[in-house]
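Worksheet: one structure, shown below.
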Amino acid sequence: MMKQQFFLFLAVIVMISSVIEAGRGREFMSNLKEKLSGVKEKMKNSWNRLTSMSEYACPVIEKWCEDHCQAKNAIGRCENTECKCLSK
């Protein structure tokens, strides 16, 4: 009888610690999601601010624009942060 109570007591302790650890895991994941969404918003805002200034954005966009237009058999130009494909 004493052995059964002892093992039951150990099982209860293990179950309680598992529940506590699971709660910490959820808390950790929610904190991680919050931080990642904050970083995503900061990057998005920075990108929007960068692309709103054509003198800074065109060098960033131009390489993508050239590749994009080359696939269409055209020449890519960046004008006012917009990619324009000109026929060859």
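Along the chain as shown, the residues are counted starting at 1.
Note that Cβ sites are derived from N, Cα and C of the backbone, with glycine treated the same way.
Matching Swiss-Prot disulfide entries to the candidates Cys69, Cys78, Cys83 identifies the partner of Cys85 as Cys69. Swiss-Prot lists a disulfide bond between Cys83 and one candidate from Cys58, Cys65; that candidate is Cys65. Look at Cys69 (disulfide bond): DSSP puts it in a helix. Spacing of Cys69 (disulfide bond) relative to Cys83 (disulfide bond) is 9 Å (Cα to Cα, whole number). Between the CA atoms of Cys78 (disulfide bond) and Cys65 (disulfide bond) there is a gap of 7 Å.
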